[in-house]
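Listed features, source TrEMBL:
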- GLY105, SER106, VAL107, ALA108, VAL109, GLY110, LYS111, SER112: ATP binding site (BINDING)
- 100-244: domain 'Phosphoribulokinase/uridine kinase' (DOMAIN)
Amino acid sequence: MDDVSLTSERRREATPYVDLTRAEWSALRERTPLTLSAEEVEGLRGLGDLMDLDEVRDVYLPLSRLLNLYVGATMGLRGALNTFLDAGNGHGAQSGTPFVIGVAGSVAVGKSTTARVLQALLARWPEHPRVELVTTDGFLLPNAELARRGLMSRKGFPESYDRRALTRFVADVKAGKDEVTAPVYSHLIYDIVPDERLVVRRPDILIVEGLNVLQPALPGKDGRTRVGLADYFDFSVYVDARGEDIERWYLSRFRMLRETAFQDPSSYFRRYTQVSEDEALDYARMLWRTINRPNLEQNVAPTRGRATLVLRKGPDHKVQRLSLRKL
Ligand SMILES: Nc1ncnc2c1ncn2[C@@H]1O[C@H](COP(=O)(O)OP(=O)(O)O)[C@@H](O)[C@H]1O
Ligand SMILES: CC(C)(COP(=O)(O)O)[C@@H](O)C(=O)NCCC(=O)O
């Protein structure tokens, strides 16, 4: 073996991931049946996202099969743990612990479509029909509090969330509490909706979707490591794409929203329906360059290496390559 191939051999050994092309990955779905119709996929698709049945078949069915295997294996492990704890008079033994999946990635990368398609596919398995989805935007601090802390132009950055409440929410669901509630965010009013809560009741699977779900916990005041959100995940997905592509998707979505949701009299962005399209897009570009891109570069992308699976999208939103953690 010459030096060059030795180096590439070593590089292959050093990574905890196995890299697969879309074709290699799609061959892994075996006999998993397609349980969604074209109309159902359309109903789950976010604005501007090009998810279709081919994408579901090639990318999401193998993932649904893998996750079903993971859920079964995780239940087996929990059973082993309970057997061990039962030997000590049942101290801490627990049944009905949900399987928790994190979905991370930039603003406008299509995380919410990925999470909704996963929710629909996973709920079709008889072993785990109750799949709940929570987006972390509900844990953003309300605008009044962001303004008070001087964080209005940091929305989506780790410090703009009530991280403790978010972690407690997931910990409570995982601990099998009968009913756990979360605040609700509205993109329309660009703020937390007062007096509205999302209620989660003992799901089989909980999907937690948001920009920063893979962020490590901040150290405590005494410098000690704390338990963070990602410590509760049994599996995580990072939706990845080139920054230039995501910016283009963000701008084209802003253009589409200007013709639809922004027209609503209660929309925070209504004023951008009353200026020229060029002016509106200049504003969107400013939001991208001053908030979402720095957040992607400084906080979101650095967490990619913590995901169990990375879905790498091409310029057309289609997943081209996948990296699955094997170690
Ligand atoms: N200003 C807005 N008004 C209405 N809907 C919005 C607005 N911004 C984003 N959305 C919608 O909210 C959802 C989440 O968007 P985002 O957090 O950017 O994540 P992603 O695009 O990765 O799913 C998307 O379905 C998007 O279409
Ligand atoms: C609400 C968001 C922070 C996303 O939050 P997430 O659901 O990922 O927790 C984001 O969509 C957002 O509004 N960012 C602020 C800049 C902008 O208006 O694009």
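Quick reminder: no glycine exception, Cβ is built from N, Cα and C everywhere.
Quick caveat, the model's predicted, so the values are computed rather than measured.
Remark: of the binding-site residues SER106, SER112, the most isolated position is SER112 (fewest other Cβ atoms within 10 Å of its Cβ). By neighbour count, meaning other C-beta atoms within 10 Å, the densest spot among the binding-site residues GLY105, GLY110 is GLY105. Proximity to ligand 2 (Cβ under 6 Å from any of its atoms) holds for these binding-site residues out of SER106, VAL107, ALA108, VAL109, LYS111, SER112: VAL107. Secondary structure of the domain 'Phosphoribulokinase/uridine kinase' (100-244) per DSSP (helix as H, G, I; strand as E, B; remaining residues coil): 46 helix, 41 strand, 58 coil. The binding-site residues under consideration are VAL107, ALA108, VAL109. Their Cβ neighbour counts within 10 Å are lowest for VAL107. The Cβ of LYS111 (ATP binding site) lies under 8 Å from the Cβ of VAL103, ALA104, GLY105, GLU209, GLY210, LEU211, VAL239, each of these being in the same chain and 6 or more residues away along the sequence. The record gives GLY105, SER106, VAL107, ALA108, VAL109, GLY110, LYS111, SER112 for ATP. Within 8 Å of the mean position of their Cβ atoms, the other Cβ atoms in that chain belong to LEU211, VAL239, ILE246.
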